[in-house]
Amino acid sequence: MSRQDENSALLANNENNKPSYTGNENGVYDNFKLSKSQLSDLHNPKSIRSFVRLFGYESNSLFKYLKTDKNAGISLPEISNYRKTNRYKNYGDNSLPERIPKSFLQLVWAAFNDKTMQLLTVAAVVSFVLGLYELWMQPPQYDPEGNKIKQVDWIEGVAIMIAVFVVVLVSAANDYQKELQFAKLNKKKENRKIIVIRNDQEILISIHHVLVGDVISLQTGDVVPADCVMISGKCEADESSITGESNTIQKFPVDNSLRDFKKFNSIDSHNHSKPLDIGDVNEDGNKIADCMLISGSRILSGLGRGVITSVGINSVYGQTMTSLNAEPESTPLQLHLSQLADNISVYGCVSAIILFLVLFTRYLFYIIPEDGRFHDLDPAQKGSKFMNIFITSITVIVVAVPEGLPLAVTLALAFATTRMTKDGNLVRVLRSCETMGSATAVCSDKTGTLTENVMTVVRGFPGNSKFDDSKSLPVSEQRKLNSKKVFEENCSSSLRNDLLANIVLNSTAFENRDYKKNDKNTNGSKNMSKNLSFLDKCKSRLSFFKKGNREDDEDQLFKNVNKGRQEPFIGSKTETALLSLARLSLGLQPGELQYLRDQPMEKFNIEKVVQTIPFESSRKWAGLVVKYKEGKNKKPFYRFFIKGAAEIVSKNCSYKRNSDDTLEEINEDNKKETDDEIKNLASDALRAISVAHKDFCECDSWPPEQLRDKDSPNIAALDLLFNSQKGLILDGLLGIQDPLRAGVRESVQQCQRAGVTVRMVTGDNILTAKAIARNCAILSTDISSEAYSAMEGTEFRKLTKNERIRILPNLRVLARSSPEDKRLLVETLKGMGDVVAVTGDGTNDAPALKLADVGFSMGISGTEVAREASDIILMTDDFSAIVNAIKWGRCVSVSIKKFIQFQLIVNITAVILTFVSSVASSDETSVLTAVQLLWINLIMDTLAALALATDKPDPNIMDRKPRGRSTSLISVSTWKMILSQATLQLIVTFILHFYGPELFFKKHEDEITSHQQQQLNAMTFNTFVWLQFFTMLVSRKLDEGDGISNWRGRISAANLNFFQDLGRNYYFLTIMAIIGSCQVLIMFFGGAPFSIARQTKSMWITAVLCGMLSLIMGVLVRICPDEVAVKVFPAAFVQRFKYVFGLEFLRKNHTGKHDDEEALLEESDSPESTAFY
């Protein structure tokens, strides 16, 4: 079919076959004539051709069929009850079905599928069956004293099965908790707000509540919440995350697309096999304008409105997400510890295999020869002996495999992220929580992070007048210089009108419909400002923390907040400050803002807005071109309004307007006066804004030929418009105050004590930036005297790489910086070896946020693009939250190191003790039975992980220097403690096991009864557990004397007091109580299942006192400097030890290099300690 034939067919289809059904067929409810699939076809793929099939060449048909209005949006009687409407019943809302988590039983089954657990279960069942056979089918046996021996072997089988069940249950419970934690995190990070027009009002709603037919307002930095068709404006979108297309795509209104489609596919055009569609290129190289905004794409520049056509699972983003099965991510630390656990497991498996081979070989020698010890036993007893060997070997594997390592990091991260959320950090990427512990540099924005982001115009120079609303002046001066008084008495009505037009029309902020003015605060802009921070926090937290479908709770909370107070305007804080000034002093009435924008003719004599130029950080200004009905010569003319950074806008001004409307050409004298005013504002830490305009009286249409944009001929090129010679008139200067956040100075000083360098990166001019940096201690007296302590972004980006590296140690303030300057700063710092955290709020900050080791975006003032690019969202935009993130990052690292220290002590001791005692035993039994070992395994894996991985940050955690990138899991001081405690425990348990008969019964080993032997074995087990009990107490504090080489200097309460701040971690205290109580119960009531014989008083005292030796050993090890250990174990010895016993010879890669990324021993920061590693 030719193009004209198909074009005619499209027209015929549209005229004759438009959707006309009204019933419930195809899932369409009454009053809606389009199905979900029909609307979904518009975007998947993007097709204006499909649009024409449905709606024809008139965009108004789109609004007709979706029952919405281009300007007023959809009409809902009660916005909160949208689920009762046919619109919702027909198309749904924009929420996606939640991923169904694994049930608890599924997790139990997954935990039981562990091969070791299954082997142990099979062995337990066999042991149980053999025990029953001996009990019921074999004659009774008697000991040398003639006492009947109780047949209790079957009890051990049952006890092992119960122990396996408990281990599996605990493992499943931990996994279930982890599933819930990640589900909760995903809910928090996937929710956000969008501006929609409903009932002819702009409101903020959750993206999950967006409906088909909603008209949404999009601006730079937004992420498109659902598939929509653009109906007004112009913007650039990044669709790479959805389509993979790396180039940005310009978006135009649907009318442009329909015009191009009709033109390119007209009968007069060249023939093609099929009509051209969005993305196709005609013979002239032109494309059809793209009006289709895909859900999940990002608005990089511009602004506009779109009407929603597909939501939820019917949108492109929804279809993509439902096809994925997102599993919780593994962080680098989790992967590292999993590999470490695998390496340790190798040693356990090797030990178990050797143990089995030794015991089995001896077992064969016992049963094959006629004089062998087991030769005369019946088959069931021989089988039972073999099963004991097998169970002991399998249990060694169970104990040796440190499954608690991955669990510990999961618990530590879950605990830390939960607490960080309470402290104002929403962790989007788990690895960032770990990385913050090593941070050495923080590059922070100023606005909202170091300051409150509660902006108020406190000083200004309208024309040649001056006002001052700050409270620093005497009362009499305040009355004279009050802004309202100055505007009314000193400024002409036309100047006031032009300033009001510039502020009202040249803004994206809008009026808060829920705002209720407090009569008691009619002139209290300061009172208004005080509460902004609290409301922003409430909004931000609700935005990210809605649970399930508790919209009613959210609405109720907002209603309660509204009873107190809210800000009158929503949007950019600079723009809301200017609008507040307009309401306070320029006559803007409540509820009038949107009316003036819709009907500018009424007050301003403006026919229409012809070009909008939204603010971008790279330009530092926003602009607007309007058409006036008539000017002084009674003819229509165009006016360009501009407001932005004072020094940038004012330097392009040719004239200065006086308060009486006379113009004064700018020369060197009055230019210096203006520059001085700007400097004075900046020196007082005020943001200086210039407000200006330029008239175009000689052009009949917009834009003038000389200003026309080559790519978009219907608008003026921004560089030509702003830099056009002559004519820009400066209407006034305004100084905006943004108070420093409470406690920010202390937070910065905390970072400095912690060895973290804080740099301020801001778009403000250098004088303002330096003033604020001094106030918050970033720029101290010592640093400010140094060269290059503060510089502007334009100067910084001109430097060579080597010059940047040379000045960065002194640089603390980067002013008038662009997002590219911030990215360059981060790149240079990382190249110098720093671990860099950076904050960002704008769309253009995304590259820097991605490049940084940890990117912080603003939860209140940040764009959606910035949030998507970040690792952590600062829900309150507060710098103190970054300090908390550093604390918790360090706490995670410390908690993991504590657990590794404890785990390896128990691991080494338990495996060696079991191995040696089994081999040395004449009847091939270990001093620790399988059930006892499973109890020990429960202590060292699950309970210890809960106790040690859930600790809060130490009070002095910010007094230590950061480790940087080369932080190792196991330091010299940790290895000292591991080897010393393991040696102590082995000596104590070996003495009790091998010399117990002589110590307690004054008899040789061969002379004691089986009951006495069982008592000694039980005492060894009891001692072993109490050793771990007190070792856990030692492990809760890492070596605080690290780095102190003086023996006397290491004797301090901070280093040696293991009970310091013990009460702050209730988890630890509870678990210690559980371990101690359970051990006492086992020793009194464990009986046959735990192979326990009643202990004497002396045995109890011995066990507990021997356990306390761990505390004494801990003190001695802490006093010993690390340098002593390094000298004992030289580097060459350690490298050979790692190569052989670390199994590095098995892990060589093909190039011959060692793949030691996950090796147990890592290279340390200090040259002295490398020998020990």
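Including glycine, each Cβ sits where the backbone N, Cα and C put it.
Judged by Swiss-Prot topology annotation, Asp954 lies on the same membrane side as Arg1050.
The candidate list Asp41, Asp834, Asp841 contains one residue that Swiss-Prot assigns to the Mg(2+) site with Asp445, Thr447, namely Asp841. Range annotated as region 'Disordered' by Swiss-Prot, chosen from 1-24, 265-288, 457-480: 1-24.
The local packing around Asp941 (Ca(2+) 2 binding site), expressed as other Cβ atoms within 10 Å of its Cβ over all shown chains, amounts to 27. Note on Thr762 (ATP binding site): other Cβ atoms within 10 Å of its Cβ, all shown chains, come to 25.
Cβ environment of Lys822 (ATP binding site): Cys443, Val761, Leu814, Val838, Gly840, Asp845, Ala848 lie under 8 Å away, each six or more residues apart in the same chain. The closest partner of Asn907 (Ca(2+) 2 binding site) among the binding-site residues, by CA position, is Thr447; the full candidate set was Thr447, Lys643, Gly763, Asp764, Arg816. Its Cβ placed at the centre, Asn907 (Ca(2+) 2 binding site) has 24 other Cβ atoms within 10 Å. Taking the mean position of the Cβ atoms of Asp445, Thr447, Asp841 as the Mg(2+) site, the remaining residues of that chain whose Cβ falls within 8 Å of it are Lys446, Gly448, Thr449, Asn453, Thr762, Thr839, Gly840, Gly842, Met858, Ser861, Gly862, Asp877. Candidate binding-site residues: Asp445, Thr447, Asp841, Asp941. Nearest to Thr762 (ATP binding site) by Cα distance: Asp445. Checking each of the binding-site residues Gly763, Asp764, Arg816 against Asp841 (Mg(2+) binding site) by C-alpha distance, the shortest gap belongs to Gly763. In terms of DSSP secondary structure, the topological domain 'Cytoplasmic' (1030-1065) contains 16 helix, 0 strand, 20 coil. Each of 389-409, 977-998, 1100-1120 was scored by its Cβ pairs under 8 Å to the transmembrane segment (930-950), and the highest score goes to 389-409.
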